[in-house]
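Written out below as structure tokens is the structure these notes cover.
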Amino acid sequence: MAKRNAVVVTHTRLRQTGTVVAEAVSQLRVAGFEVAIIDNTEAPDFGVQPPCVSDDTEIVVVLGGDGTILRAAELVHCTQVPILGVNMGHVGFLAEFESFQIDEAIRRVSTHDYSIDERMIAHVDVWLPGATKPIEDWALNDITLERADRGKMVELSIRVDDVEMNSFGADGVIVSTPTGSTAYAFSAGGPVMWPNVKALQLIPLAAHALFARPLIIGSGSTFTIDILDDSMSEGWICCDGRRQRALPQGTRVMVRESRDTLRLARLSGVPFTNRLVSKFDLPVVGWREHARNEASSQSLHHGHTFPAAAYAAGVAVAGDAGVAGTEPDKPGERDGKAGS
């Protein structure tokens, strides 16, 4: 029988304090896997590829949150090894299972009962002033270019396919993949992009400009971001919140779709839309629905009966100050919560 290899990626605190890691390793070994455990993956330097898992690794099981999955992504970059995430954190957007489902997850892995979801990766070339070749890196979630001096703005020029689109002073910009559109870019006001969309988006951060808005480009296009020579601050680039370095004035950053992808193991057919609603606990019933519910029994006003449809359409009722319905929710009264 051929040897089966698996890698379990977690973090030191979880390994030291919890039994889930020991349980997962035990079950993988019972299923016939030789298991290696990685629990302390320091962020490598920007532009440096850390050692990857061996090509004969069948799967990488990640026990942790989305941050642990981003660390695991460095270990499988440029390989065909898939990642299976078991959420031990808060949102766990990339995870396939929750911690209480570990038995089912290992059983499905051992029988190859999973599909592969290939996620787009962003490639970045950093051209330092006077350089003859770029420093290369990549990101599953996002690439941020921010001000190095927290008291000053960084002056940037934004190009798409070598056509200048805008220039402004700002705290920085985020370039996000579809996977990263529910992370930092989402918090900065960017749109959610479905994973099957082949695109990159650029989100300005507190830009001092009237028309600095998010930009979305197709997979064949390139974002070019120049730190202007007269910028008051140097820049600071960071990939997936891990690999980072300072960038002087005159640096050019170019971001495009990578030829590589990340392979996520999927054990369920839950669509992304369902995952989005459940993970973010979206308040899909808004204040207008409360008006419909109140009107469903029909309201009698001044001797006239008004059907529920009139209320749902926002018809003004004689004698009322405004349209029928309730006021919007006050802060703290909404169902659900904001994203992570």
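Backbone N, Cα and C atoms are what each Cβ position is placed from, and that goes for glycine too.
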Which of these, K3, K152, does Swiss-Prot list as part of the NAD(+) site with D66, G67, R71, N141, D142, D171, T182, A183, Y184, A185, F186, S187, A206?
K152
Express in Å, rounded to the nearest integer, the largest CA to CA distance found among the NAD(+)-binding residues D66, G67, R71, N141, D142, K152, D171, T182, A183, Y184, A185, F186, S187, A206 named in the record.
31
Nonlocal residues around A185 (NAD(+) binding site), in sequence order (Cβ under 8 Å, 6 or more apart):
D142, I174, S176, Q201, I203
Return one of helix, strand or coil for D142 (NAD(+) binding site), based on DSSP.
strand
Other C-beta atoms that fall within 10 angstroms of the C-beta of A183 (NAD(+) binding site):
25
Report, in whole Å, the straight Cα-to-Cα distance of D66 (active site, proton acceptor) from A183 (NAD(+) binding site).
10
